[in-house]
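A.B. asks: Below are the features I grabbed from Swiss-Prot:
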type    : residues                           : note
BINDING : GLY8, ARG11, ARG91, ARG137, ARG140 : ATP binding site
BINDING : GLY8, ARG11, ARG91, ARG137, ARG140 : CTP binding site
BINDING : GLU21, ASP23                       : Mg(2+) binding site
DOMAIN  : 228-329                            : domain 'HD'
Amino acid sequence: MKVYLVGGAVRDRLLGIPVQEQDWVVVGATPEELLKRKYRQVGRDFPVFLHPETKEEYALARTERKSAPGYYGFICDFSESVTLEEDLARRDLTINAMAMDEQGNLIDPYQGQRDLEEKLLRHVSSAFVEDPVRVLRVARFASRFHHLGFRIANETRLLMYSMVKQGELAHLIPERVWQEWQKSLEEKNPEQFILSLRSCDALRVILPEINSLFGVPNPHQYHQEIDTGIHSLMTLRASSELSEEPLVRFAALVHDLGKASTPIQAWPKHHGHEEEGTKLIRALCARLRIPNDYRDLAVTVARAHLNIHRLCELRPNTIVKLLEQVDAFRRPQLFHKILIACQADAESCGKTVVYRQTQLWNEILSECVKVTPQTFIVQGYEGKAIKEAMHQSRVACVERIMTSWKSNEK
């Protein structure tokens, strides 16, 4: 029985970046042998075991043979005769198909180290086409390593394109699409996930709602980049510089989703795209089974972002209503996320003007939250009268703040 460190841990060691988790492959062993050594089996479709002390994953070396379309259509062989090279051959990219033995010697049958040096994301073999999830994984690794200068090898991109044309992506299950997309939202360059899928025509199949934004014009006076798809990616990029939270990044990306559905004859104007966008976001989240917290933040940003930008043009009553609608008084941290997504939208336009709205909205909120029910309860207010009195008091508060702003500008 021989044990090898494999996959991402080897790759990251060679890149000199922190190793998040270690996975191991066991060659020349049986499930019974590992169970005798107190390993605990957790794999359902093939034997994966947890080390009795470290709790790290140990998998028996295996081969995979395509037996049916889609992600689950494989027959696995994990007999004692399977070699390490055979196990590494089933992996997606050469940089993920390296191993180290217990003495630290590198086993690299598919030139992964060379591709690390050349900063290439290259498939291991033609078996790449057997698993449609690999298209998503390559796009995710592009988002992870873009800042290091990595790019997808031309031959791998062509293979991804052929998989799209052959309809392989139709077998992707919604949960796996979201799993890879969500992971990409946590990377340094989440926009590269979208760009990589678009470069092989996979975006049209996997995320048609986002793909349809490309080619939709924006008013030049507000958007120097003009194209809505490009603007959405610029907003995603800007949001990743402002926040590490994938919820915020997702909301930033889809905030203008409704622009592809506005009447073409009205372009480049997009009246009503906010509400149209909320419908598309809800449908997208339902289709891919995206968690409710992602959906709710994205819907709120899509609906409110224009009014957030136009703060100084709004009436005090409208401002208080907006704060009530987004639940800012009870959930100020949620409102903070909304403001970050809106700031990303504004800053993505390439303007050098500082986005003052974040500071101004926070100033209003910090004063308005000082208005509490107790003030009106002791005055004899009851029921809905308390809510209305609080609303009017907050409106008066906003009026005072805005008057102060105007006097300071003189």
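From the backbone N, Cα and C atoms, a Cβ is placed for every residue, glycine too.
Tell me what's around each of these sites.
C.D. replies: Reduced to three states, the DSSP call for ARG11 (ATP binding site) is helix. Cβ neighbours of ARG11 (ATP binding site) (same chain, under 8 Å, six or more residues apart in sequence): ILE95, ASN96, MET98, GLY112, LEU116.
In the three-state DSSP classification, ARG137 (ATP binding site) falls within a helix.
In this structure, GLU21 (Mg(2+) binding site) belongs to neither helix nor strand by DSSP; it is coil.
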A.B. asks: Tell me, how many other CB atoms lie within 10 A of the CB of GLY8 (ATP binding site), whichever protein chain they belong to?
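C.D. replies: Counting Cβ neighbours of GLY8 (ATP binding site) within 10 Å gives 16.
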A.B. asks: Using all protein chains in view, find how many other C-beta atoms are within 10 Å of the C-beta of ARG91 (ATP binding site).
C.D. replies: 21
A.B. asks: Near ASP23 (Mg(2+) binding site), which binding-site residues out of GLY8, ARG91, ARG137, ARG140 have their CA within 10 Å?
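C.D. replies: Passing the 10 Å Cα cut: GLY8.
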A.B. asks: Just how spread out is the CTP site if you go by the largest Cα to Cα distance in Å among GLY8, ARG11, ARG91, ARG137, ARG140?
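C.D. replies: Of all Cα pairs among the recorded CTP binders, the widest measures 15 Å.
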A.B. asks: Within 10 Å of the Cβ of ARG137 (ATP binding site), how many other Cβ atoms are there?
C.D. replies: 18
